[in-house]
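Feature annotations, reproduced from TrEMBL:
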ACT_SITE  B:Asp7  active site
ACT_SITE  B:Glu68  active site
ACT_SITE  B:Asp141  active site
BINDING   B:Asp7, B:Asp141  Mg(2+) 1 binding site
BINDING   B:Glu68  Mg(2+) 2 binding site
COILED    B:155-182  coiled coil
Protein chains: 2
Amino acid sequence: MRVFGVDPGLTRCGFGVVDGGPGRTVRCVAVDVVRTPVDADLAVRLLLLSDEVERWLERHRPDVVAIERVFSQHNVRTAMGTAQASGVVALAAARRDLPVVFHTPSEVKAAVTGSGRADKAQVTAMVTKLLGLKTAPKPADAADALALAICHHWRAPMRNRLEEAQRRADELARTHRARIAEAAAKQGGGR
Amino acid sequence: MRVFGVDPGLTRCGFGVVDGGPGRTVRCVAVDVVRTPVDADLAVRLLLLSDEVERWLERHRPDVVAIERVFSQHNVRTAMGTAQASGVVALAAARRDLPVVFHTPSEVKAAVTGSGRADKAQVTAMVTKLLGLKTAPKPADAADALALAICHHWRAPMRNRLEEAQRRADELARTHRARIAEAAAKQGGGR
């Protein structure tokens, strides 16, 4: 499985492509940070980002796109721009029929460091180690994108099992409801 | 000038197209509310919305797209979805080289009712009156989209004058700085 991890942003957007190997091994395919000019119109910045995402999807053909879930933080303006950027990335993936999954920052940190409250340096150190890179990916957005992709590789099997369990539970509930309805209909007919 | 006003949202997105006539007259060309299924994946919802925006741009050929500026409100989750929706709308406009302008809710309310703190009923009543509609546009998102378009029609001349003044000021400042640099170079050369 090949995962395209995206740490969304307008000023800096982290892109990281990671392949999964046997067991828990992961391999870095590509990593970069895309920037859009701060003084450009918002719509133009979104367009530049969207074009870049499409180039990456075309070039690296991932199986799934993992995006960091945005939370409204201290700076509302930044959070909105980040949300808009993440929407544009998700849209580009949906246009290619690719599944899009969102992971929270603490899920990502917990996946690669064991702690949901790890700092940036710790995340970068673990990403470098797990992917066997010679130098640490910089800036932090690049490391975050790789961490997201690794997080998705490791969480995906658990997610799939959960979804499968949910599907079975839903099916059982449906069957159960149908039987009740059938019994009620019979009772009504017998009156 | 034809303005496409958008009140962004994933569950309900208001679309309104308004033409400007002589003086301050405005005419409603089209209005609707686009919905995307609440239980669908976020990326799929963004794709459905994006496709609908493109259909409207193709059909109505506006000169400008006016979008409500999103603020992080009480519900962070909703605000993020709204921001992502607005990003997708801005992207579709940018792809067609259309200018995109954002107006805040209070600018819109002030433009059509005279008060930045008017309630939804007041906005709907004024939109109905200003556009000479026989029935009030429903739901509120539809009326808001029309109000946005009207707001843009009325604010655009003022914006253009402001931008023109800013351009002139910047030019004067540049000329001034160039002269100072020139004078400094002469002084330096004379030493």
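Cβ from N, Cα, C; glycine included.
Around B:Asp141 (active site), the same-chain residues six or more apart in sequence whose CB sits under 8 Å from its CB are B:Asp7, B:Gly9, B:Arg12, B:Cys13, B:Gly14, B:Val33, listed in sequence order. In sequence order, B:Val6, B:Asp7, B:Pro8, B:Ser86, B:Phe102, B:His103, B:Thr104, B:Pro105, B:Val108, B:Asp144, B:Leu148 constitute the residues six or more apart from B:Glu68 (active site) in its chain with CB-CB distances below 8 Å.
The local packing around B:Asp7 (active site), expressed as other Cβ atoms within 10 Å of its Cβ over all shown chains, amounts to 28.
In the three-state DSSP reading, B:Asp141 (active site) counts as helix. According to DSSP, B:Asp7 (active site) is assigned to a strand segment.
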